[in-house]
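K.L.:
Please see the structure below; I have some questions.
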Amino acid sequence: MFKNRLDQLIWQRHRRMLFAVGAMALFGVVMIALIALHDVTNDHYSRNLVNAVTMQQWAPYRGIYFSGFSAWLMIAAWLIGLEMMHLDLRDNFNQFLFSSGFSRQRIYWSKIKVAFLIILFIDCVTTAVQYLIYWIGTPNGYTWHIGWPGVLSSWLFGLMISFGLFAISWFASLIIGQEGPLVVTIAGFTFSLGGYSAIGGNIVRKLTPLTETQIMWCVLTFAVILALALLIWGAALYQRLSLEHNGEYLMFPHLRVPVYIVFVIYVTFFFSWTSDGTSFVLSLLFTLLFGYAWLWRPRLGEQWHQWRERKRG
């Protein structure tokens, strides 16, 4: 599948987990398609699985019974970013690659290349199976018509979201050295993005005469730019990656202050966006204290993880 020696090493290392993620996405998409085909005959809502008018518009299509780009594929991209970076840190596979004579920059971008190719492969195969199920399984008397505007817009939308989710989990897995806090941090940040996208949309709506679709693409474009910045920043950090801080919450201690500032601003703004001054002050105090305790005070979880690593070594 890969001709480059480094790409082959990375692929051989992760192929089982990547296959599992792909199988999960395929299973989820197939189940949703089969359930939709079953429900459409019971709901008596419509004999059209797809709204033909909406499908011909240049906007992502997500209907009651059919979605142009499944959310399972976005979840798969999120999981691949988490798996490929974190497992290599946990199992010291990075150390093996460093000792193999490859430069860190080449290793970093080769991992991303392999990840992107696998994500695209999963997207293509899974979507092909999904569309085939609808094409073959549409009941007699019902219609399933798709159009290029809706399909292409859905794919562009889905790939942009997938890229952003991959970058978030990839970067977080690079800088966070503990499994439990890593999952909690990424999950909390990911789920809160829905609220922030709504906030960003409201701001753009008030400042510009753009339509809802145009606002959505503007927010997505900005998110992709931020995601690309995370990957580039990750490349710079990867150059200084050391096992000295393995087991700590942050693999790069010099990031404590930036992470603390971002955490305080992000959480405070999220919880007090539509609140009064009192709620803002309470949210600010809580995030200031919680962030300090989380980042600077010693934790039993860290000590246990470091003890486990020493016992393993």
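A Cβ is built for glycine as well, from the same backbone N, Cα and C atoms used for every other residue.
Please treat TrEMBL annotations as automatic predictions, because they have not gone through curation.
On a predicted model such as this, the values are computed, not experimentally measured, just so you know.
Residues or ranges marked as transmembrane segment in TrEMBL: 18-38, 58-80, 114-135, 155-175, 182-199, 214-236, 257-274, 280-296.
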K.L.:
May I ask for the residues of the chain that lie six or more residues beyond the transmembrane segment (155-175) and have a Cβ under 8 Å from a Cβ within it?
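P.N.:
Long-range Cβ neighbours of the transmembrane segment (155-175): 60, 68-70, 73-82, 84-86, 89, 112, 115, 119, 123, 182, 185-186, 189-190, 216, 220-221, 223-224, 226-228, 230-231, 233-234, 237-238, 241, 250-252, 255, 259.
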K.L.:
Report the listed stretch (18-38, 114-135, 182-199, 214-236, 257-274) having the maximum count of Cβ pairs within less than 8 Å of the transmembrane segment (58-80).
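P.N.:
Between the stretches 18-38, 114-135, 182-199, 214-236, 257-274, 18-38 has the largest tally.
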K.L.:
Check the transmembrane segment (114-135) against the transmembrane segment (18-38) for contact, please; criterion is three or more CB pairs under 8 Å, pairs 6 or more apart in sequence.
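P.N.:
Yes, the transmembrane segment (114-135) and the transmembrane segment (18-38) are in contact.
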K.L.:
Using a Cβ-Cβ cut-off of under 8 Å, list the residues of the same chain that are 6+ residues beyond the ends of the transmembrane segment (18-38) and lie near it.
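P.N.:
Beyond its ends, the transmembrane segment (18-38) has Cβ neighbours at 49, 64-67, 70, 72-73, 75-76, 79-80, 83, 118, 121-122, 125-127, 129-130, 133-134, 137-139.
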